[in-house]
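Since the structure comes first, as structure tokens, the remarks are kept for the end.
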């Protein structure tokens with residue numbers, strides 16, 4: 001990426017920064033090369049021409065980000081927690097930017113479409129500069145485990161870091177669950193302000209300036225009582241000092257969101273906003289009623305019968321969704337991404353087999369893999385094959401599920417969430433789970 005930035009380095013003034021060797025070699029007088037862990041193997045092309053190289057660790061010396069950066073990481077819940085905080089801060093009349101899986105937003109306006117959960121370092125710096133230019137006070141961002149390892153957040157001073165949870169994901173990249181956990185936990189080694197899920201047993205963090213939330217354990221933000229039916233209601237209790245039981249803030253909250261795991265997301269977001277703004281709980285909590293969730297995250301696409309679309313693509317993520325509907329007859333429709341961690345596929349089958357009375361296995365984003373091979377991997381975890389239907393064409397699979405769905409059942413369409421493409425080996429097509437469902441019921445209504 002080429003970023004417009006006038007700076008003087010090694011007695012030469014440049015007009016741009018770039019992490020792309022081709023761009024730099026085309027115009028070396030104007031563009032300064034920024035070496036990062038991702039492009040390091042190509043940096044010899046620049047060195048051979050005796051051109052200047054700016055190491056990514058030096059980048060922060062040429063930027064002055066007068067903005068409070070909030071980084072949210074975790075296996076699940078990053079997008080909802082980030083979006084919830086963004087919504088709360090905007091409702092509190094705070095100028096705020098949001099960067100993550102859904103794109104880049106500033107003050108309720110979409111600046112960029114979807115991209116990586118955490119962009120490249122230069123793109124991130126560019127987004128921060130834009131937020132500063134528009135006088136944002138807060139910059140809320142999702143931080144992926146890839147970004148932590150690849151140092152795509154290098155040089156940023158976080159006003160607050162938040163951990164949602166740590167289960168298992170991206171083992172194709174991290175190679176082991178231990179490496180994955182270490183990557184997540186490394187984000188919380190400093191003494192900066194942090195919000196931690198106290199119920200997360202895999203969390204390791206520096207206790208200095210750590211504030212916690214929990215449903216089960218004692219924490220700074222606890223739930224005294226809650227109901228998940230029909231949506232989330234709870235009595236929240238905040239204690240700034242856990243050693244002083246006399247000073248507490250208590251507030252009743254109501255949210256349109258569904259599910260126990262969204263209650264965790266709410267706790268993380270509310271505690272984060274409270275620490276940033278220092279406002280009373282009773283000022284923040286009523287604003288939760290204005291946040292209706294994120295498209296593709298436990299999204300109700302049709303109500304009678306109930307059809308829900310969710311992004312869940314990890315074992316823990318799927319279990320959380322299933323738990324939200326455990327008292328209903330569940331039909332689970334899902335696949336698994338190609339060219340990704342294969343070890344989780346049988347476990348996905350096993351968790352679906354435990355909760356669902358009917359399973360429809362289909363394609364997700366097969367990429368370079370054979371769809372049938374992916375489905376066979378999932379089938380290894382399912383003991384009772386009589387409850388399984390295999391239809392690799394995702395559209396046909398959804399239509400089949402809808403045609404056979406009874407009023408007392410819930411159809412959970414998992415894996416893709418709000419994605420509107422499907423990636424195959426030789427092509428990428430437009431595809432939306434939501435559009436297939438809506439189109440089906442629209443045609444049904446028209447007779």
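Cβ coordinates are placed from backbone N, Cα and C, and glycine is handled just like the others.
Just so it is clear, the model here is predicted, and its values are computed rather than measured.
Looking up the ranges 364-367, 368-371, 372-375 in Swiss-Prot, the one annotated as motif 'Meso-diaminopimelate recognition motif' turns out to be 364-367. Here the Cα atom of residue 75 (ATP binding site) is found 9 Å from that of residue 184 (N6-carboxylysine). Nearest by CA distance to residue 76 (ATP binding site), out of the recorded positions 184, 364, 367, 419, is 184. Across the structure, residue 364 (meso-2,6-diaminopimelate binding site) and residue 79 (ATP binding site) are spaced 20 Å apart at their Cα atoms. Between the CA atoms of residue 340 (meso-2,6-diaminopimelate binding site) and residue 80 (ATP binding site) there is a gap of 23 Å.
Of all residue pairs in the meso-2,6-diaminopimelate-binding list (340, 364, 365, 366, 367, 415, 419), the one with the greatest Cα separation is 17 Å apart. The highest number of surrounding Cβ atoms within 10 Å, among the binding-site residues 364, 419, is found at 364.
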